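Participant: Quick one: this structure, given as C-alpha coordinates, is what I'll be asking you about.
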Amino acid sequence: MAAKSADIRKTSHRSNNFTQNIVKNPKLPFAIALLVADSILVALIIAYVPYTKIDWDAYMSQVTGFLEGERDYSNLKGDTGPLVYPAGFLYIYSAIQYVTGGQVYPAQILFGFLYIMDLAIVLFVYLKTNVVPWWALSLLSLSKRVHSIFVLRLFNDCFATTLLHAALVSIIFQKWHLGLVIFSGAVSIKMNVLLYAPPLLLLMVKAMDIIGVISALAGAALVQIVIGLPFILSHPASYISNAFNLGRVFIHFWSVNFKFVPEDIFVSKAFALSLLVAHLSLLLVFAHYRWCKHEGGLFAVVHAKVIQLKLRVTQRNPSSTNKVLQTDHIVTTMFVGNFIGIICARSLHYQFYSWYFYCLPYLLWKTPFPTVLRLLLFAAVEFCWNVFPSNIYSSVVLLCVHVIILGGLWISSSEYPYVEKTTDKSTSKKKTR
(Lines of atoms letter the chains of each structure in order from A and count residues from 1; the text may use other names and numbers.)
(Lines give C-alpha, C1' and ligand atoms only; values in the text may rest on other atoms or scores of the structure.)
Protein backbone atom coordinates (compact mmCIF):
# COMPACT_ATOMS: atom_id res chain seq x y z
CA MET A 1 0.00 0.00 0.00
CA ALA A 2 2.83 2.36 0.93
CA ALA A 3 4.68 1.53 -2.29
CA LYS A 4 1.56 2.20 -4.37
CA SER A 5 1.06 5.53 -2.61
CA ALA A 6 4.68 6.49 -3.34
CA ASP A 7 4.22 5.61 -7.03
CA ILE A 8 1.11 7.79 -7.21
CA ARG A 9 3.01 10.71 -5.66
CA LYS A 10 5.87 10.28 -8.15
CA THR A 11 3.43 10.18 -11.08
CA SER A 12 1.67 13.28 -9.78
CA HIS A 13 5.01 15.05 -9.35
CA ARG A 14 6.04 14.25 -12.92
CA SER A 15 2.69 15.45 -14.23
CA ASN A 16 3.06 18.70 -12.32
CA ASN A 17 6.60 19.18 -13.69
CA PHE A 18 5.38 18.54 -17.24
CA THR A 19 2.58 21.08 -16.83
CA GLN A 20 4.98 23.63 -15.36
CA ASN A 21 7.41 23.14 -18.26
CA ILE A 22 4.62 23.75 -20.78
CA VAL A 23 3.56 26.91 -18.96
CA LYS A 24 7.14 28.17 -18.80
CA ASN A 25 8.00 27.20 -22.37
CA PRO A 26 4.83 26.80 -24.45
CA LYS A 27 6.64 26.98 -27.81
CA LEU A 28 6.64 23.26 -28.62
CA PRO A 29 2.98 22.55 -27.84
CA PHE A 30 1.98 25.78 -29.56
CA ALA A 31 3.99 24.80 -32.66
CA ILE A 32 2.27 21.39 -32.72
CA ALA A 33 -1.14 23.01 -32.33
CA LEU A 34 -0.26 25.43 -35.12
CA LEU A 35 0.59 22.55 -37.45
CA VAL A 36 -2.72 20.84 -36.67
CA ALA A 37 -4.73 24.04 -37.15
CA ASP A 38 -2.94 24.90 -40.41
CA SER A 39 -3.49 21.35 -41.69
CA ILE A 40 -7.23 21.85 -41.24
CA LEU A 41 -7.03 25.25 -42.94
CA VAL A 42 -5.13 23.82 -45.91
CA ALA A 43 -7.71 21.04 -46.28
CA LEU A 44 -10.52 23.61 -46.28
CA ILE A 45 -8.72 25.76 -48.86
CA ILE A 46 -8.27 22.80 -51.20
CA ALA A 47 -11.90 21.77 -50.73
CA TYR A 48 -13.60 25.13 -51.11
CA VAL A 49 -11.31 27.67 -52.82
CA PRO A 50 -11.11 27.41 -56.63
CA TYR A 51 -7.76 26.50 -58.13
CA THR A 52 -6.20 29.23 -60.26
CA LYS A 53 -4.60 28.09 -63.50
CA ILE A 54 -1.21 29.73 -64.05
CA ASP A 55 1.80 27.49 -64.71
CA TRP A 56 0.53 23.94 -64.13
CA ASP A 57 -0.32 23.18 -67.77
CA ALA A 58 3.06 24.58 -68.87
CA TYR A 59 4.83 22.42 -66.29
CA MET A 60 3.01 19.31 -67.53
CA SER A 61 3.80 20.14 -71.19
CA GLN A 62 7.49 20.55 -70.41
CA VAL A 63 7.54 17.34 -68.40
CA THR A 64 5.76 15.45 -71.18
CA GLY A 65 8.37 16.57 -73.68
CA PHE A 66 11.13 15.35 -71.37
CA LEU A 67 9.44 11.98 -70.78
CA GLU A 68 9.02 11.54 -74.54
CA GLY A 69 12.79 11.76 -74.96
CA GLU A 70 13.48 15.42 -75.72
CA ARG A 71 16.87 16.47 -74.31
CA ASP A 72 17.30 19.83 -76.04
CA TYR A 73 16.21 22.44 -73.49
CA SER A 74 15.29 24.93 -76.20
CA ASN A 75 12.59 22.51 -77.39
CA LEU A 76 10.99 21.97 -73.98
CA LYS A 77 8.17 24.50 -73.97
CA GLY A 78 4.76 25.17 -72.48
CA ASP A 79 1.99 27.69 -73.01
CA THR A 80 3.91 30.23 -70.89
CA GLY A 81 7.14 29.85 -72.85
CA PRO A 82 10.33 27.77 -72.84
CA LEU A 83 11.64 25.86 -69.82
CA VAL A 84 13.90 28.09 -67.72
CA TYR A 85 14.51 25.86 -64.66
CA PRO A 86 17.33 23.36 -64.05
CA ALA A 87 16.74 19.65 -64.52
CA GLY A 88 15.76 18.95 -60.90
CA PHE A 89 12.48 20.66 -61.73
CA LEU A 90 11.79 18.12 -64.48
CA TYR A 91 12.45 15.15 -62.20
CA ILE A 92 10.22 16.51 -59.43
CA TYR A 93 7.30 17.30 -61.71
CA SER A 94 7.73 14.07 -63.66
CA ALA A 95 7.21 12.24 -60.38
CA ILE A 96 4.21 14.44 -59.60
CA GLN A 97 2.71 13.72 -63.04
CA TYR A 98 3.22 9.99 -62.47
CA VAL A 99 1.54 10.08 -59.04
CA THR A 100 -1.32 12.42 -59.96
CA GLY A 101 -1.83 11.58 -63.62
CA GLY A 102 -1.37 15.27 -64.34
CA GLN A 103 -4.61 16.08 -62.51
CA VAL A 104 -4.81 19.25 -60.42
CA TYR A 105 -6.84 18.05 -57.42
CA PRO A 106 -4.51 15.19 -56.31
CA ALA A 107 -1.57 17.52 -56.95
CA GLN A 108 -3.15 20.05 -54.59
CA ILE A 109 -3.34 17.40 -51.88
CA LEU A 110 0.34 16.58 -52.45
CA PHE A 111 1.25 20.26 -52.22
CA GLY A 112 -0.83 20.53 -49.06
CA PHE A 113 1.37 17.89 -47.44
CA LEU A 114 4.42 19.73 -48.79
CA TYR A 115 3.18 22.98 -47.19
CA ILE A 116 2.78 21.33 -43.78
CA MET A 117 6.18 19.67 -44.10
CA ASP A 118 7.81 22.99 -44.93
CA LEU A 119 6.03 24.71 -42.03
CA ALA A 120 7.19 21.96 -39.66
CA ILE A 121 10.80 22.42 -40.78
CA VAL A 122 10.57 26.20 -40.36
CA LEU A 123 9.00 25.85 -36.91
CA PHE A 124 11.86 23.54 -35.94
CA VAL A 125 14.36 26.22 -36.98
CA TYR A 126 12.47 28.84 -34.97
CA LEU A 127 12.40 26.57 -31.91
CA LYS A 128 16.14 26.03 -32.17
CA THR A 129 16.89 29.75 -32.33
CA ASN A 130 14.61 31.03 -29.56
CA VAL A 131 14.43 34.52 -31.09
CA VAL A 132 10.68 34.83 -31.71
CA PRO A 133 8.18 34.59 -28.81
CA TRP A 134 5.86 31.59 -28.85
CA TRP A 135 2.72 33.50 -29.82
CA ALA A 136 4.47 35.14 -32.81
CA LEU A 137 4.99 31.71 -34.38
CA SER A 138 1.36 32.05 -35.50
CA LEU A 139 2.54 34.66 -38.02
CA LEU A 140 4.04 31.81 -40.03
CA SER A 141 0.51 30.56 -40.76
CA LEU A 142 -1.18 33.88 -41.46
CA SER A 143 -0.20 34.51 -45.07
CA LYS A 144 -3.01 34.30 -47.58
CA ARG A 145 -0.52 34.62 -50.44
CA VAL A 146 1.76 31.77 -49.27
CA HIS A 147 -1.18 29.38 -48.83
CA SER A 148 -2.20 30.29 -52.37
CA ILE A 149 1.32 29.75 -53.75
CA PHE A 150 1.41 26.22 -52.35
CA VAL A 151 -2.08 24.74 -52.77
CA LEU A 152 -3.79 26.96 -55.35
CA ARG A 153 -0.88 27.65 -57.73
CA LEU A 154 1.40 24.57 -57.35
CA PHE A 155 4.56 26.52 -58.14
CA ASN A 156 8.01 24.91 -58.18
CA ASP A 157 9.12 27.59 -55.71
CA CYS A 158 7.44 25.45 -53.04
CA PHE A 159 9.81 22.52 -53.52
CA ALA A 160 12.87 24.76 -53.78
CA THR A 161 11.94 26.59 -50.58
CA THR A 162 11.27 23.37 -48.66
CA LEU A 163 14.62 21.88 -49.67
CA LEU A 164 16.36 25.13 -48.74
CA HIS A 165 14.87 24.99 -45.26
CA ALA A 166 15.89 21.32 -44.97
CA ALA A 167 19.45 22.31 -45.94
CA LEU A 168 19.37 24.98 -43.23
CA VAL A 169 18.48 22.36 -40.62
CA SER A 170 21.48 20.25 -41.69
CA ILE A 171 23.73 23.29 -41.44
CA ILE A 172 22.39 24.14 -37.98
CA PHE A 173 23.58 20.68 -36.90
CA GLN A 174 26.97 21.43 -38.52
CA LYS A 175 26.38 18.82 -41.26
CA TRP A 176 27.91 21.05 -43.89
CA HIS A 177 28.48 18.51 -46.64
CA LEU A 178 24.95 17.12 -46.37
CA GLY A 179 23.59 20.65 -46.18
CA LEU A 180 25.41 21.61 -49.39
CA VAL A 181 24.06 18.55 -51.19
CA ILE A 182 20.48 19.44 -50.20
CA PHE A 183 21.13 23.10 -51.03
CA SER A 184 22.35 22.12 -54.49
CA GLY A 185 19.21 20.00 -54.92
CA ALA A 186 17.13 23.09 -54.17
CA VAL A 187 19.10 25.10 -56.75
CA SER A 188 18.38 22.38 -59.31
CA ILE A 189 14.66 23.17 -58.96
CA LYS A 190 14.90 26.96 -59.07
CA MET A 191 17.89 29.29 -59.07
CA ASN A 192 16.50 31.80 -56.58
CA VAL A 193 18.05 29.64 -53.87
CA LEU A 194 21.41 31.07 -54.95
CA LEU A 195 20.51 34.24 -53.04
CA TYR A 196 21.56 32.25 -49.97
CA ALA A 197 24.91 31.31 -51.52
CA PRO A 198 27.02 34.33 -50.40
CA PRO A 199 26.11 34.10 -46.68
CA LEU A 200 26.38 30.31 -46.84
CA LEU A 201 29.88 30.52 -48.28
CA LEU A 202 30.91 32.93 -45.53
CA LEU A 203 29.57 30.59 -42.84
CA MET A 204 31.46 27.68 -44.40
CA VAL A 205 34.70 29.66 -44.40
CA LYS A 206 34.20 30.53 -40.73
CA ALA A 207 33.31 26.98 -39.69
CA MET A 208 35.62 24.78 -41.78
CA ASP A 209 39.18 24.68 -43.03
CA ILE A 210 39.88 25.23 -46.71
CA ILE A 211 39.81 21.51 -47.51
CA GLY A 212 36.37 21.19 -45.94
CA VAL A 213 35.07 24.19 -47.89
CA ILE A 214 36.41 22.88 -51.20
CA SER A 215 35.09 19.35 -50.65
CA ALA A 216 31.63 20.66 -49.69
CA LEU A 217 31.51 22.89 -52.76
CA ALA A 218 32.69 20.00 -54.91
CA GLY A 219 29.86 17.86 -53.56
CA ALA A 220 27.35 20.57 -54.45
CA ALA A 221 28.81 20.91 -57.96
CA LEU A 222 28.69 17.13 -58.43
CA VAL A 223 24.98 17.15 -57.62
CA GLN A 224 24.39 19.72 -60.39
CA ILE A 225 26.43 17.68 -62.87
CA VAL A 226 24.64 14.42 -62.07
CA ILE A 227 21.19 16.02 -62.22
CA GLY A 228 21.90 17.78 -65.49
CA LEU A 229 23.93 14.95 -67.05
CA PRO A 230 21.34 13.76 -69.65
CA PHE A 231 21.15 17.31 -71.02
CA ILE A 232 24.84 18.14 -70.61
CA LEU A 233 25.83 15.08 -72.64
CA SER A 234 23.39 15.80 -75.47
CA HIS A 235 22.92 19.60 -75.69
CA PRO A 236 25.20 21.29 -73.10
CA ALA A 237 24.98 24.83 -74.47
CA SER A 238 21.19 24.74 -74.65
CA TYR A 239 20.90 23.38 -71.11
CA ILE A 240 23.27 25.86 -69.48
CA SER A 241 21.95 28.90 -71.35
CA ASN A 242 18.30 28.12 -70.58
CA ALA A 243 18.46 26.53 -67.13
CA PHE A 244 20.98 29.00 -65.70
CA ASN A 245 20.09 32.19 -67.52
CA LEU A 246 21.07 35.00 -65.14
CA GLY A 247 20.19 37.72 -67.63
CA ARG A 248 16.45 37.12 -67.95
CA VAL A 249 14.29 40.24 -68.17
CA PHE A 250 10.95 39.84 -66.42
CA ILE A 251 7.71 41.48 -67.54
CA HIS A 252 7.15 44.86 -65.88
CA PHE A 253 3.42 44.20 -65.35
CA TRP A 254 4.09 41.33 -62.92
CA SER A 255 6.65 43.17 -60.79
CA VAL A 256 5.52 43.54 -57.19
CA ASN A 257 8.52 45.49 -55.90
CA PHE A 258 9.53 47.93 -58.65
CA LYS A 259 6.22 48.73 -60.35
CA PHE A 260 6.87 52.43 -59.70
CA VAL A 261 9.95 52.34 -61.96
CA PRO A 262 9.10 53.33 -65.57
CA GLU A 263 9.12 50.29 -67.86
CA ASP A 264 11.88 51.56 -70.15
CA ILE A 265 14.17 51.96 -67.12
CA PHE A 266 12.97 48.70 -65.56
CA VAL A 267 14.10 46.61 -68.54
CA SER A 268 17.38 48.49 -69.06
CA LYS A 269 20.79 46.99 -68.38
CA ALA A 270 21.75 50.08 -66.39
CA PHE A 271 18.98 49.41 -63.86
CA ALA A 272 19.99 45.74 -63.58
CA LEU A 273 23.63 46.72 -63.08
CA SER A 274 22.79 49.29 -60.42
CA LEU A 275 20.80 46.70 -58.47
CA LEU A 276 23.68 44.22 -58.77
CA VAL A 277 26.13 46.81 -57.42
CA ALA A 278 23.74 47.60 -54.56
CA HIS A 279 23.34 43.88 -53.81
CA LEU A 280 27.08 43.17 -53.69
CA SER A 281 27.78 46.36 -51.72
CA LEU A 282 25.19 45.54 -49.06
CA LEU A 283 26.51 41.98 -48.75
CA LEU A 284 30.06 43.25 -48.28
CA VAL A 285 29.03 45.88 -45.75
CA PHE A 286 26.97 43.42 -43.68
CA ALA A 287 29.67 40.75 -43.93
CA HIS A 288 32.40 43.13 -42.75
CA TYR A 289 30.59 45.09 -40.06
CA ARG A 290 27.91 42.64 -38.88
CA TRP A 291 28.55 38.99 -39.66
CA CYS A 292 32.34 39.14 -39.08
CA LYS A 293 32.28 41.84 -36.40
CA HIS A 294 33.66 39.63 -33.63
CA GLU A 295 36.54 38.40 -35.79
CA GLY A 296 37.63 41.92 -36.67
CA GLY A 297 35.91 42.17 -40.04
CA LEU A 298 35.64 40.23 -43.29
CA PHE A 299 39.26 40.79 -44.27
CA ALA A 300 40.44 39.46 -40.92
CA VAL A 301 38.48 36.24 -41.54
CA VAL A 302 40.00 35.86 -45.01
CA HIS A 303 43.49 36.63 -43.67
CA ALA A 304 43.10 34.02 -40.93
CA LYS A 305 42.11 31.40 -43.52
CA VAL A 306 45.14 32.24 -45.66
CA ILE A 307 47.40 31.74 -42.64
CA GLN A 308 45.66 28.42 -41.86
CA LEU A 309 46.23 27.29 -45.43
CA LYS A 310 49.93 28.14 -45.22
CA LEU A 311 50.24 26.23 -41.95
CA ARG A 312 48.45 23.25 -43.47
CA VAL A 313 50.91 23.21 -46.36
CA THR A 314 53.99 23.51 -44.14
CA GLN A 315 52.89 21.14 -41.35
CA ARG A 316 52.70 17.42 -41.92
CA ASN A 317 50.01 16.80 -39.30
CA PRO A 318 48.08 20.06 -39.00
CA SER A 319 45.51 20.31 -36.22
CA SER A 320 41.84 20.71 -37.08
CA THR A 321 40.67 24.30 -37.41
CA ASN A 322 36.94 23.54 -37.63
CA LYS A 323 34.68 25.61 -35.38
CA VAL A 324 31.10 25.17 -34.24
CA LEU A 325 28.85 28.11 -35.11
CA GLN A 326 25.95 29.29 -32.98
CA THR A 327 22.53 28.45 -34.37
CA ASP A 328 21.40 32.08 -34.09
CA HIS A 329 24.42 33.24 -36.06
CA ILE A 330 23.81 30.71 -38.84
CA VAL A 331 20.12 31.53 -39.20
CA THR A 332 20.61 35.29 -38.94
CA THR A 333 23.37 35.34 -41.55
CA MET A 334 21.41 33.16 -43.97
CA PHE A 335 18.12 35.00 -43.57
CA VAL A 336 19.62 38.50 -43.76
CA GLY A 337 21.78 37.57 -46.76
CA ASN A 338 18.73 36.28 -48.62
CA PHE A 339 16.69 39.34 -47.59
CA ILE A 340 19.33 41.65 -49.07
CA GLY A 341 18.98 39.75 -52.34
CA ILE A 342 15.21 40.13 -52.19
CA ILE A 343 15.47 43.89 -51.74
CA CYS A 344 17.82 44.18 -54.73
CA ALA A 345 15.93 41.80 -57.04
CA ARG A 346 14.85 43.56 -60.23
CA SER A 347 11.46 41.89 -60.22
CA LEU A 348 9.57 39.94 -57.59
CA HIS A 349 6.59 38.04 -58.95
CA TYR A 350 3.81 36.90 -56.63
CA GLN A 351 5.16 33.37 -56.14
CA PHE A 352 8.53 34.83 -55.13
CA TYR A 353 7.02 35.81 -51.76
CA SER A 354 7.70 32.24 -50.66
CA TRP A 355 11.43 32.96 -51.04
CA TYR A 356 11.49 35.04 -47.87
CA PHE A 357 8.12 35.02 -46.11
CA TYR A 358 9.28 32.45 -43.58
CA CYS A 359 12.25 34.66 -42.69
CA LEU A 360 10.11 37.68 -41.84
CA PRO A 361 9.09 37.00 -38.21
CA TYR A 362 12.67 36.05 -37.36
CA LEU A 363 14.10 39.16 -39.03
CA LEU A 364 11.54 41.44 -37.39
CA TRP A 365 12.34 40.09 -33.92
CA LYS A 366 16.05 40.52 -34.56
CA THR A 367 15.45 44.25 -34.93
CA PRO A 368 15.24 46.49 -31.83
CA PHE A 369 11.80 47.71 -32.89
CA PRO A 370 8.86 47.58 -30.46
CA THR A 371 6.48 44.68 -30.94
CA VAL A 372 3.68 46.87 -32.29
CA LEU A 373 5.94 48.19 -35.06
CA ARG A 374 7.09 44.67 -35.89
CA LEU A 375 3.51 43.56 -36.35
CA LEU A 376 2.66 46.60 -38.43
CA LEU A 377 5.64 45.98 -40.72
CA PHE A 378 4.65 42.32 -41.09
CA ALA A 379 1.08 43.32 -41.95
CA ALA A 380 2.31 45.92 -44.44
CA VAL A 381 4.43 43.35 -46.29
CA GLU A 382 1.54 40.89 -46.41
CA PHE A 383 -0.82 43.62 -47.63
CA CYS A 384 1.49 44.62 -50.48
CA TRP A 385 1.80 41.03 -51.65
CA ASN A 386 -1.99 40.70 -51.77
CA VAL A 387 -2.58 43.78 -53.91
CA PHE A 388 -3.41 42.51 -57.40
CA PRO A 389 -2.35 43.74 -59.76
CA SER A 390 0.45 45.55 -58.02
CA ASN A 391 0.60 49.30 -58.48
CA ILE A 392 2.94 52.22 -57.94
CA TYR A 393 1.81 52.75 -54.36
CA SER A 394 1.97 49.12 -53.21
CA SER A 395 5.46 48.67 -54.66
CA VAL A 396 6.72 51.89 -53.04
CA VAL A 397 5.30 50.81 -49.67
CA LEU A 398 6.86 47.35 -50.03
CA LEU A 399 10.30 48.77 -50.82
CA CYS A 400 10.08 51.24 -47.92
CA VAL A 401 9.09 48.51 -45.47
CA HIS A 402 11.93 46.30 -46.70
CA VAL A 403 14.42 49.13 -46.21
CA ILE A 404 13.08 49.85 -42.70
CA ILE A 405 13.49 46.20 -41.73
CA LEU A 406 17.03 46.13 -43.15
CA GLY A 407 17.84 49.30 -41.22
CA GLY A 408 16.59 47.67 -38.04
CA LEU A 409 18.81 44.65 -38.69
CA TRP A 410 21.78 46.96 -39.20
CA ILE A 411 21.38 48.66 -35.82
CA SER A 412 20.55 45.45 -33.93
CA SER A 413 23.04 43.78 -31.61
CA SER A 414 25.41 41.25 -33.18
CA GLU A 415 25.41 37.73 -31.75
CA TYR A 416 28.70 36.02 -30.93
CA PRO A 417 29.22 33.51 -33.75
CA TYR A 418 30.95 30.58 -32.06
CA VAL A 419 29.98 27.92 -29.54
CA GLU A 420 32.44 27.91 -26.65
CA LYS A 421 32.83 24.75 -24.62
CA THR A 422 32.54 25.04 -20.86
CA THR A 423 34.98 23.46 -18.45
CA ASP A 424 32.77 20.41 -17.84
CA LYS A 425 32.37 19.91 -21.60
CA SER A 426 28.69 19.19 -21.11
CA THR A 427 27.19 22.49 -22.19
CA SER A 428 27.96 25.41 -24.41
CA LYS A 429 27.33 29.04 -23.70
CA LYS A 430 26.31 31.92 -25.91
CA LYS A 431 27.69 35.39 -25.92
CA THR A 432 26.19 38.62 -27.13
CA ARG A 433 28.47 41.58 -27.49
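Just so you know, glycine gets a Cβ as well, placed from its N, Cα and C.
So TrEMBL has the following annotated:
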{"type": "TRANSMEM", "residues": "30-51", "note": "transmembrane segment"}
{"type": "TRANSMEM", "residues": "109-129", "note": "transmembrane segment"}
{"type": "TRANSMEM", "residues": "150-173", "note": "transmembrane segment"}
{"type": "TRANSMEM", "residues": "179-203", "note": "transmembrane segment"}
{"type": "TRANSMEM", "residues": "210-233", "note": "transmembrane segment"}
{"type": "TRANSMEM", "residues": "270-289", "note": "transmembrane segment"}
{"type": "TRANSMEM", "residues": "329-348", "note": "transmembrane segment"}
{"type": "TRANSMEM", "residues": "355-380", "note": "transmembrane segment"}
{"type": "TRANSMEM", "residues": "392-411", "note": "transmembrane segment"}
Participant: Quickly jot the same-chain residues contacting the transmembrane segment (179-203) by Cβ under 8 Å, restricted to those at least six beyond its ends, or write none.
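Facilitator: The answer is 85-89, 92, 156-157, 159-161, 163-164, 166-168, 170-171, 213, 216-217, 219-221, 223-224, 227-228, 244, 246, 283, 287, 291-292, 298, 301, 325, 329-330, 333-334, 336-338, 341-342, 352, 355.
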Participant: By Cβ distance under 8 Å, which residues at least 6 away from the ends of the transmembrane segment (329-348) in the same chain are close to it?
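Facilitator: Same-chain residues near the transmembrane segment (329-348) but 6 or more away: 125, 128-129, 131, 168, 171-172, 195-196, 198-200, 202-203, 250-252, 254-258, 266, 271-272, 275-276, 278-279, 282-283, 286, 290-291, 355-356, 359, 362-363, 366, 399, 402-403, 405-406, 409, 415-418.
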Participant: State the non-local partners of the transmembrane segment (210-233) in its own chain: residues 6+ outside its ends, Cβ under 8 Å from one of its Cβ atoms.
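Facilitator: The answer is 71, 73, 86-88, 91, 176-177, 180-181, 183-185, 187-188, 201, 204, 239-240, 243, 305, 308-309, 312, 322.
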Participant: Can you tell me which parts of the same chain pack against the transmembrane segment (30-51), counting only residues 6+ beyond its ends and a CB-CB cutoff under 8 A?
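Facilitator: Counting only partners 6 or more residues beyond its ends, the transmembrane segment (30-51) has Cβ contacts under 8 Å with 104-105, 108-109, 112, 115-116, 119-120, 123, 126-127, 134-135, 137-138, 140-141, 147, 150-152.
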Participant: Going along the chain, which residues at least six beyond the ends of the transmembrane segment (270-289) come within the CB cut-off of under 8 Å?
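Facilitator: Sequence-remote neighbours of the transmembrane segment (270-289) are 198-199, 202, 247, 249, 261, 297-299, 336-337, 340-341, 343-346, 406, 410.
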